[in-house]
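Chemist: To start, I am sharing the structure in question, which I have written as structure tokens.
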Amino acid sequence: MTKQARAWTVSGGLVLLGLVPLLGGAARLSAMAGGPDLTEGSERFLTAPVPVVAHIVAALAYTLAGAFQFVPRLRRGRWHRVAGRFLAGCGLVAAASGLWLTLFLERPPDDGDLLAAFRLVSGSAMLAFLVLGVAAIRRRDVRAHRAWMIRGYALGAGAGTQALTLGLWAAFAGPPGETGRALALGAGWAINAAVAEWVVRSRAHPVGLVRPDGDLDPVADAELGHQARDVTLDRAE
């Protein structure tokens, strides 16, 4: 399998993983609109419709569209720059609104302090990673930009993995209680964070690809060279 084929396979897998939260988000929006999916407990979302809708829409756009930022061919040229700005904005909105909802929205009965702590840590980390990623590309540090954005995306895409961890918990240990639910959801974020760190470290470049000044050699690393060139051209426009 070629590098491009592997990249498209990974992106397709990320999209499939995001379908579960996509359906859940659509159901939540339908419930808030008073549609046929209205369920007991959905009323609490109506007390803060703006941050709830902002979180759902931004998170879905960030997770699904962001999956295609991992395709090398799409990381070159105007598409990556325009889509990157849009997705960075979506990620920041998703993280910030998630933190607001954790702090101020009424909790359901099965959400305890442990889950709230996990949400605050993951949301704050995602927000920090995205800010660091944007700051890195502004100073033309493509390698750091890529690493921070991978870490941020991993946390933002946690809902898809959490559907699997919750399902596995229910299959092997029965319906989770407050603590079990928190641990299952926390495991989803932890798994994604670990995978992201493995990806970042596995892509670390050997010494021969780094210039004496610390920058990547665009000849030795063609892909990052293209991205660095695109940043330069974008600033010149």
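Note that Cβ sites are derived from N, Cα and C of the backbone, with glycine treated the same way.
Dumping what TrEMBL says about this protein:
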type	residues	note
TRANSMEM	52-71	transmembrane segment
TRANSMEM	83-105	transmembrane segment
TRANSMEM	117-137	transmembrane segment
TRANSMEM	149-170	transmembrane segment
TRANSMEM	182-200	transmembrane segment
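Can you tell me where each of these features sits in this structure?
Modeler: Sequence-remote contacts of a segment are chain residues at least 6 beyond its ends whose Cβ falls under 8 Å from one of its Cβ atoms, and for the transmembrane segment (52-71) they are 4, 7-8, 10-12, 14-15, 18, 21-22, 25, 28-29, 32, 45, 80, 83-84, 86-87, 90-91, 93-94, 97-98, 101, 105, 149, 153, 156-157, 159-160.
A Cβ distance under 8 Å defines the sequence-distant neighbours of the transmembrane segment (83-105), meaning residues of its chain 6+ beyond its ends; these are 44-45, 47-48, 51-52, 54-55, 58-59, 61-62, 65-66, 68-69, 74, 116, 119-120, 123-124, 126-127, 130-131, 133-134, 137, 149, 152-153, 156.
Outside the transmembrane segment (182-200), and at least 6 residues removed from its termini, the chain residues within Cβ reach (under 8 Å) are 111-112, 114-115, 118, 122, 146-147, 150-151, 153-155, 157-159, 161-166, 168-169, 176.
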Chemist: In terms of Cβ proximity under 8 Å, which residues at least six beyond the ends of the transmembrane segment (149-170) contact it?
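Modeler: 14, 17-21, 24, 59, 62-63, 66, 69, 84, 88, 91, 94-95, 122-123, 125-126, 129-130, 133, 176, 180-181, 183-185, 187-189, 191-193, 195-197, 199-200.
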